[in-house]
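Undergrad: What follows is a structure written as structure tokens; I'll ask about it next.
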Amino acid sequence: MNANLEINNFSLFLSTGLLIIAILIAYKEKLELGYDIFIAGIRAVIQLFIIGYVLSYVIQLDNVLVTLAMVLFIVFNAGFNAHQRSDGIPHSLTISLFSISIGTAVTLVILVVSGAIEWLPSQIVPITGMIASNAMVAIGLTFQSLNSKFADQRQQVLEKLSLGANEKQASMSIIRASVKTGMSPSIDSTKTVGLVSLPGMMSGLIFAGVEPTEAIRYQIVVMFMIIAVTSIASFSASYLAYRQFYNEQKQLTL
Amino acid sequence: MSDHQLEISNISFKTDNQSILESISFSVEKGERVTITGPSGGGKSTLLKIIGNIINPTDGKVLFHGKNIQETNPLKYRQKVSYFFQNASLFDQTVRDNLSFPYDIRDEEFDEEKAKDMLERVSLSRSCLDKPINELSGGEKQRVALIRNMMYLPEVLLLDEVTSSLDAENKEIIHGILDTLNKENGLTTLSVTHDENEISQADRVITIIDGRLEDSK
């Protein structure tokens, strides 16, 4: 392991040349993206340097509470981002936080109890990041699907209500479709894993010199964990969010 | 307290900058056939939706057998006072999916024979039950939607221009079954319509112009 895994400052500086290529293309094609690329580059450098130092500190400290705080920080950020994609669904922050917390908690507990990972900050923090970011994307998709389906199928929902259906009966087809939308990307990417791209976890381990035959074991766990967390998160978010489309008189408020 | 089947009391409906309905009051007795008419955009559909508990009025109340519908179970109410849309859309895949829905929501076994009988009553064949909904014509869809509202016969049927986009034959079929259900089962109907025929058949005509009730004839 550790086959000279260091990028010195000079190499890092030269790699900004890659950004300059992108800025030149943006400038030539009048895409007006030059400024965005510049800001994105600066942000990436600052955010990653900060998180790099924070992680080093957390890993060295190896304190249960600090690790837990880091987990909560990640979960909160993911929840807040998912909430911003809800396009005005009431209580979406609470719903996102709850769904991501449940998904993350269940998955982490299973992984730790089964011994797939250990409660070490160097394992818990990156794994939580993967879990929470996948849950975040799944919930964002679920919210989008609920919004668009309630708009598209408004008439059908109204008809079901006028036949005396309750909110759940009137929304069932929409709930199902939205859970499915949230889950599909992780199922699809699991089907093609290894054939198209080598996923991050596995690539990182191979990079660090771990035998590919060992690295894939981690990747298998990661894929299963992502399917689990996206299904828990989409399920929870759909079932909590559909009620927000109705008022206390069980009328559709759209 | 008098016990009308339905009592509409001082119903008003306002949007942010517009008044759609102003202090509408009238009552309906069991078995009555009431027609609501008036110029387009006068608020007739809004009124019917308020009575159907599809939307809430800004002011006023609807009483069903003397009870304010805002204070009773809205689901039970909608099963008894059923709103039927102008261009009803069918859901899921087949006619069966639609006709079994009223049973599903009551958690009861689907009565297939009754569904087939009802199909016959609106001049559709018994084998229609398993037909995909996208193979039906507009008039056939409207007829299936109508019997969907009648698998459990409501006390009151709210009809929002339900025949306006149909041809004479379809109109006749729908009028026929409504007529029978009114005479034999005492079904009350409240219908919004421009159809001269329907207006002349009504027991009572209510005219709404610019959100206000005109004196009924």
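Even glycines carry a Cβ here, placed using N, Cα and C.
Pulled the feature table from TrEMBL, pasting it below:
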- A:6-25: transmembrane segment (TRANSMEM)
- A:37-59: transmembrane segment (TRANSMEM)
- A:65-83: transmembrane segment (TRANSMEM)
- A:95-117: transmembrane segment (TRANSMEM)
- A:123-143: transmembrane segment (TRANSMEM)
- A:192-210: transmembrane segment (TRANSMEM)
- A:216-242: transmembrane segment (TRANSMEM)
Undergrad: At a Cβ cut-off of 8 Å, and with pairs 6 or more apart in sequence only, do we get at least 3 pairs between the transmembrane segment (A:65-83) and the transmembrane segment (A:123-143), yes or no?
TA: yes
Undergrad: Give the nonlocal contacts of the transmembrane segment (A:37-59) in its own chain as ranges (CB under 8 Å, at least six residues past its ends).
TA: 16, 19, 22-23, 26, 66-67, 70, 120-122, 125
Undergrad: Can you tell me which parts of the same chain pack against the transmembrane segment (A:123-143), counting only residues 6+ beyond its ends and a CB-CB cutoff under 8 A?
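TA: Non-local partners: 55, 58-59, 67, 70-71, 74-75, 77-79, 81-82, 85-87, 89, 92, 95-96, 99-100, 103-104, 107-108, 111, 117, 178-179, 181-183, 185-186, 200-201, 222, 225-226, 229-230, 232-234, 237-238, 241.
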